[in-house]
Amino acid sequence: MKAQTALSFFLILITSLSGSQGIFPLAFFIYVPMNEQIVIGRLDEDIILPSSFERGSEVVIHWKYQDSYKVHSYYKGSDHLESQDPRYANRTSLFYNEIQNGNASLFFRRVSLLDEGIYTCYVGTAIQVITNKVVLKVGVFLTPVMKYEKRNTNSFLICSVLSVYPRPIITWKMDNTPISENNMEETGSLDSFSINSPLNITGSNSSYECTIENSLLKQTWTGRWTMKDGLHKMQSEHVSLSCQPVNDYFSPNQDFKVTWSRMKSGTFSVLAYYLSSSQNTIINESRFSWNKELINQSDFSMNLMDLNLSDSGEYLCNISSDEYTLLTIHTVHVEPSQETASHNKGLWILVPSAILAAFLLIWSVKCCRAQLEARRSRHPADGAQQERCCVPPGERCPSAPDNGEENVPLSGKV
């Protein structure tokens, strides 16, 4: 029934455009059954809806959405977009130089999820009418990420994707064994989904893997986490931390980024990063060093020189591309050197002793002044001598002679 309707529509349209009802008798028209194709597009990218026909004169092309909305119209050798639905304005065009060769494909710019659906192309020529159906499906898969977070005393791995459509398949593995994860956080909109999938790994030394799959786009992303054994170093020493990509995920022809970070107060500060696309290396820590020869061999191990006590903590190497994220974490414990420890021990003894001595001195001075003030108030005449005398409590200063003579040895008196 639909085919008959389409045929009648084009017979009327073509004959009316030719200016004569009798130029193309009905017997000369050939109806070609509808073909159906599926086209998959990505959000905000351009696509082509294919349609072809046998070459003929007086070509008429109409593209419609859901058989109702006019997407694009072409006849008499040019576009006629007066009745085009506004949502398609400035987004569609034909391959005009190829129409004469039987190409009625539609170039579609910046597709959105609202563009999903069935598109029908009606093509009429002087001798035939064809209809081609195209089913457009649109997918979204912004690059996911794997993050490591500290929440109070707990450690979490989080696999997240900011925008994805349709709803993805997320799986977790621990030491290559599938595990269940029931804490997925999902927010949806008309355009896409935003998904976070956290996993508590507190106290675990296992390796973890998260996979996010978009079945429509046939695209899979993998995040992998590995914890290395803890390292104990002395102050002023240096430490070497390994970071190498896994061959199963790494592709040398694919752009990627490497970032080394150190965690302090629950947040990571970037020590250095490397961009494969530009071979550019940025180092934010003067004691950090990379071996360029190793980098050329895809080995991103690093050295940190002249360690100090504040360097204790977690160090994270992140290798990321559009298809994977590889996280490697090291825990470094920096301990005081023996010289520093002995020095600190001496300070622990010396400082309290000095504080005690200072306290006793201050106390003695205060006591002495109090005694002098008390004696001055009882014997004002002896004030000058009392100011020069300070004795322990319970004792008195020697009394001055009553006759005013100077104190001399008894043997010196006449």
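Here the Cβ of each residue, glycine as well, is placed from N, Cα and C on the backbone.
Residues or ranges marked as signal peptide in Swiss-Prot: 1-22.
Over the domain 'Ig-like V-type 1' (61-131) the predicted model carries a mean pLDDT of 96. Feature annotation from Swiss-Prot assigns domain 'Ig-like V-type 1' to 61-131.
The 10 Å shell around the Cβ of Asn90 (N-linked glycosylation site) contains 9 further Cβ atoms across the protein chains shown. Taken from Swiss-Prot, the feature N-linked glycosylation site covers Asn90 (among others), and the record attributes it to sequence analysis.
Look at Swiss-Prot and you will find Asn103 (among others) tagged as N-linked glycosylation site. In three-state terms derived from DSSP, Asn103 (N-linked glycosylation site) belongs to an extended strand segment.
Taken from Swiss-Prot, the feature domain 'Ig-like C1-type' covers 138-222.
Residues or ranges marked as disulfide bond in Swiss-Prot (evidence: sequence analysis): Cys159-Cys210 (among others). Secondary structure at Cys210 (disulfide bond), taken from DSSP and collapsed to helix, strand or coil, is strand. Sequence-distant neighbours of Cys210 (disulfide bond) (same chain, six or more apart, CB under 8 Å from its CB) are Met146, Leu157, Cys159, Ile170, Thr171, Trp172, Lys173, Ser197, Leu199, Thr222, Gly223, Arg224, listed in sequence order.
Per Swiss-Prot, the feature domain 'Ig-like V-type 2' maps to 235-328.
Long-range Cβ proximity for Cys243 (disulfide bond), meaning a same-chain Cβ under 8 A and a gap of 6 or more residues, is found for Val258, Trp260, Asp299, Phe300, Ser301, Met302, Cys317, Ile319, Thr328. According to DSSP, Cys243 (disulfide bond) is assigned to coil rather than to any helix or strand. Annotation source Swiss-Prot lists disulfide bond at Cys243-Cys317 (among others).
Summarising the annotation, Swiss-Prot assigns N-linked glycosylation site to Asn318 (among others) and lists sequence analysis as the type of evidence. According to DSSP, Asn318 (N-linked glycosylation site) sits within a strand segment. The number of other Cβ atoms within 10 Å of the Cβ belonging to Asn318 (N-linked glycosylation site), over all protein chains shown, comes to 23.
If you look up Swiss-Prot, you'll see 345-365 marked as transmembrane segment, on the strength of sequence analysis.
The feature region 'Disordered' is assigned by Swiss-Prot to 383-414.
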Within the domain 'Ig-like V-type 2' (235-328), residues counted as helix, strand or coil by DSSP: 8 helix, 43 strand, 43 coil
